[in-house]
Amino acid sequence: MESFLPLVDENLRSALWFRPEMALTFGTLVLFVLDLVFRRSQARVALLTAGALAVLAAAAGLLAIQPPDAQALFNGMLANDAFAIFFKWLFLAAGALTVIIAAQGRDFPPERIGQFFALLMAIVLGMFMMASATDLLMVYLSLELVSMVSYVLAGFRKGDRKATEGSLKYVIYGGVASGVMLFGMSYLYGLTGTTSLHELGAQLQALQAGSAVSVAATRVALVVAIVFVTAGIGYKVAAVPWHMWCPDVYEGAPTPFTAFLSVGPKAAGFALAIRIFHSALAGPSSPVTGFAESLAGIPWPAVVGVIAAVTMTLGNLTALGQTNLKRLLAYSSIAHAGYTLMGLSAVSDRGMQSVMIYMLVYLVMNVGAFLVVILVAESTGSESILDYRGLSKRHPSAAVAFAIFLFSLTGLPPFAGFVGKWYLFYAVFERIDGPGGAWYAWLALIGALNTAIALYYYVRVIRAMFIDAPYVAEAPPVRLRVGYQVMLGAFSVAILVFGIWWTPMVRWTEASLQLFRG
């Protein structure tokens, strides 16, 4: 009994700092109940939207009073630190924007909007725990929570063949990736005897410092474990070669959820990758970066760099031939995962900060781009690039906003996307004078060439909007709801402001580099 009491005390203490997650859990259940109670109410959409935003606001309010010091929760299963809090704010913003967009659009019938909001809260909860996970068990459980609910929402359109096909592919690829990652985790546990990410790092260092025989005996198992865990994370961020689910899911899913999927789970995947690669898979550290340069004889930063180069190249080259804008943005999202992996491959504080800055900027410009896709699709009933011809004449403000988003996605100044991409390249440039500098120089060159490729297919859309004549003689006008107009204006202003004045982003991310180290 006496040995049990400290566990109870620890859980009660942890619960005080687990309140944002508790608010999301309770809110998810309440939204399901409200959906049943107000099933026949004329104001059900407004009530459920207010309920979903209230849940997110409650979580935000509780998150705002979190302590700044890093600490372990629930006996080391989770960590409460500035790094996790940064990503949680990002997830709340993505969730709130998705709720507002979905409430105004036509993708969800009124009788099903409550289910969507409740399931969306569940995904946000899972992403919260992904950002805080410091134990392999919690890593897997949080990843599965996000994945399982995402499968449902990807196929949320009843009777839609593309939605069903995309959801099925998502389930198949997700199930395989989940099993592969779990298999890799089992190897890590077998090698070290622990599931704690921080203890894993210490145990792996001890293994590598052992005799030549013991190191050789464990090297193969360790390599398999690293490859399999990397595959699980690569699936979540849509990196090559684990990206094949992405285009079909993005095209078939309701567009508000596609916008959320392109940012939220991707950011959660990168948060998880940073925790794992800078905690669990940390071998003997470099005096330059303070992080591991190799593990089991493999220079894993270079491996991540290769994945980054292949991901951005394949994503951009495939996007060149797309005629459906959602599929184009899907391949663009794959390419942006490659750019972000550049920061991860730098294995430095600057690299981590560049990932955080880029995810923050990517949230605004990508959700903004999908918002334009929604409003054009509602007017034309199509997502083809042909329907964007002459958009500048049918709705000039929408065309200008979309051009801003696309130029920002390219990474051109003076837009916020340039700042995000600059920090990614800066993190790589810092490594050129150190070990493996030649490889980092090549990675920077590949990234620059891919930016030029991306400019081509983004400009193709811009040309259609401002230069090409409408595809049909009587092109339907594009009508914007007031809410959409406000959001497009806010996104455009944010991209322009942070493209010129990025100091707040840099300071926030610098203050958020405090990871719980065990």
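Glycine is treated like the rest: Cβ placed from N, Cα and C.
Note that the structure is a prediction, hence the values are computed from the model and not measured.
Here Swiss-Prot flags 45-65 (among others) as transmembrane segment.
Summarising the annotation, Swiss-Prot assigns transmembrane segment to 82-102 (among others).
The transmembrane segment annotation in Swiss-Prot covers 113-133 (among others).
Annotated transmembrane segment per Swiss-Prot: 136-156 (among others), in sequence order. Counting residues 6+ beyond its ends, the transmembrane segment (136-156) has Cβ neighbours under 8 Å at 77-78, 108, 112, 116, 119-120, 122-123, 125-127, 129-130, 163-164, 166-168, 170-171, 174, 178, 181-182, 185, 188-189, 195-197, 200, 232, 236, 249, 252-254, 257, 261, 265, 268, 272, 276, 280 in the same chain.
Taken from Swiss-Prot, the feature transmembrane segment applies to 171-191 (among others).
What Swiss-Prot records for 220-240 (among others) is transmembrane segment, and it gives sequence analysis as the kind of evidence.
Feature annotation from Swiss-Prot assigns transmembrane segment to 254-274 (among others); the stated evidence is sequence analysis. Proximity of distant same-chain residues to the transmembrane segment (254-274), defined by a Cβ-Cβ separation under 8 Å and at least 6 residues beyond the stretch ends, is recorded for 83-84, 87, 90-91, 94-95, 97-98, 101-102, 105, 107-108, 116, 120, 123-124, 126-127, 130-131, 133, 139, 143, 146, 150, 153-154, 156-157, 163, 233, 236-238, 326, 329-330, 333, 337, 340, 344, 352, 355, 359, 362-363, 366-367, 370-371, 373-374, 377, 515.
Same-chain neighbours of the transmembrane segment (295-315): 204, 208, 218-219, 222-223, 226, 230, 234, 239-241, 243, 277, 281-283, 331-342, 344-347, 436, 439-440, 442-443, 446-447, 450, 453, counting only residues six or more beyond its ends whose CB sits under 8 Å from a CB of the stretch. Sequence annotations record features per position, and here Swiss-Prot assigns transmembrane segment to 295-315 (among others) based on sequence analysis.
The feature transmembrane segment is assigned by Swiss-Prot to 328-348 (among others). Using a Cβ-Cβ cut-off under 8 Å and counting only residues 6 or more beyond its ends in the same chain, the transmembrane segment (328-348) has close neighbours at 237-240, 243, 246-247, 249-251, 262, 266, 270, 273-274, 277-278, 286, 289-293, 301-302, 304-305, 307-316, 318-319, 322, 354-355, 358-359, 362, 366, 369-370, 373, 385, 409, 421, 423-425, 427-428, 430-431, 440, 443, 447, 450, 454, 457-458, 461.
Marked as transmembrane segment by Swiss-Prot: 355-375 (among others).
Annotation source Swiss-Prot lists transmembrane segment at 439-459 (among others), citing sequence analysis.
A Cβ distance under 8 Å defines the sequence-distant neighbours of the transmembrane segment (486-506), meaning residues of its chain 6+ beyond its ends; these are 97, 100-101, 353, 357, 360-361, 364-365, 367-368, 371-372, 397-398, 400-401, 404-405, 408, 413-419, 480. Residues or ranges marked as transmembrane segment in Swiss-Prot: 486-506 (among others).
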* Close approaches to the transmembrane segment (171-191) from elsewhere in its chain (Cβ under 8 angstroms; 6 or more beyond its ends) -> 136, 139-140, 143-144, 147, 150-151, 200, 203-204, 207, 218, 221-222, 224-236, 242, 244-245, 280
* Could you tell me what the rest of the chain brings near the transmembrane segment (355-375), counting residues at least six beyond its ends with Cβ under 8 Å? => 86-87, 90, 93-94, 97-98, 101, 105, 107, 255-256, 258-260, 262-263, 266-267, 270, 274, 325-326, 329, 333, 336, 339-340, 343-344, 383, 398, 401-402, 404-406, 408-409, 415-417, 419-421, 423-424, 478-480, 484, 487-488, 491-492, 494-495, 498, 502, 505-506, 509, 512
